[in-house]
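Marked as domain 'ACT' by TrEMBL: 120-204, 330-409.
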Amino acid sequence: MMMEVEWPSCLDEYEKLVIRMNTPRVVIDNGACSTATLVKVDSARRYGNLLEAVQILTDLNLSIKKAYVSSDGRWFMDVFHVTDKNGEKLTDESVISYLEQSLGMTNYRSSEGFNGATTALELTGTDRVGLLSEVFAVLADLQCDVVEAKVWTHSGRIASLIYVKDCNSGSPIEDRQKIDIIVARLRSVLKGDNDIRSAKTSVSMAVTHPERRLHQMMFADRDYERKPIFKSNANNSPAVTVQNCTERGYSVVYVQCKDRTKLLFDVIFTLTDMEYVVFHATINTAEERAYLEFYIRHSDGTPISSEAERQRVIQCLKAAIQRRASEGVKLELCTTDRPGLLADVTRTFRENGLNVTRAEISTTDDMVLNTFYVTDAIGSAADPKIIESVRQRIGLSNLIVKELPSSYHQTIEKEEQTHGVGGAVLFTLGSMVRRNLYNLGLIKSCS
């Protein structure tokens, strides 16, 4: 289907033509593919509009299974094969209508975030076990109610965007003296004993997409130059190569990694923020792997010109992919909101040696829906018995295990294979792991 345009009667045919040429044409097709909905956008190429299209799709939590980007002079066509969170075609008419309207705009501005209704705090510094607990404790002590927050960690660094309001009035915090106190207290917590120079705390006035802002904060912190503190799963490490196609004047970027939601957004944003323009691209996914190919140039029309620049692109893309690829146990907290709730929950994590590697905090009316990814203190998979103990303290019905890292499943598979050889001791250990997973409600039987 294609969005119809109603023209004001005062416009002449030439004005209509100019508007039509500069307004993206959107077609949403549920018949061309048996497994996905095709979303087609074509218009005059404008710097950044590919990112806007991808951002609209990812803001709706749609999965991009395939995509083709093609430019011909000043015109472009982007084709996306998308599914909903259940892996099905799009059937919700309200979602389809929203896509038609949003993708058909010449300038898209996300409504996500609480700018205007809250005060936005930006924090960067050295990550450590319990840091998030200290941050939320300070905010609770200063009568700040956390409405929403996003926290990312990568290579030993942490970036957080926290939206707060005054606990008493329910309004944004506008008192300059109180803001200065909040910033100073949080900066002191972030500095700790070993981050005197790079810890930063500020109040953000700009209306920016939260996840784009987190990428920008990490990029400004130069996390891509830092060596990872914890060992990551080699199977989940992205492979990135960059080559020059001299006969066509492009640089070609190849990315292969584990597929996940919002992967394309992270890659496209990084290229856009580094002032590269994507002219052609092919994205494909198969068996939980993603294969991405981009033909890019600088915004001035030139390809990558040096080995140092090539290495920097590789480093930045790897960092952008890994920031969101948490390996920890995914915990979901759903309960009634109350003052100090986040401080209490994250303190429980800290007291049990759990490190929060990523978090998403949201509040609707008087209910909270918070997601935490946790590991042990050295970045390895958390002990199931510790997870169970934390759940009992916080409330078994309030804190649910939603997803286990791949290392859990790999451990069980290895134990089952070894048992076939006759390892009685390993069989006992495997039984213990299965029993713990059964107690967490993640397998149906521990036999």
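Glycine is no exception: its Cβ is also placed from the backbone N, Cα and C atoms.
When DSSP labels each residue, the domain 'ACT' (120-204) comes out as 27 helix, 33 strand, 25 coil, counted as helix, strand and coil in that order. Each residue of the domain 'ACT' (330-409) gets a DSSP state, and the totals for helix, strand and coil are 26 helix, 31 strand, 23 coil. Per-residue pLDDT, averaged across the domain 'ACT' (330-409), gives 92.
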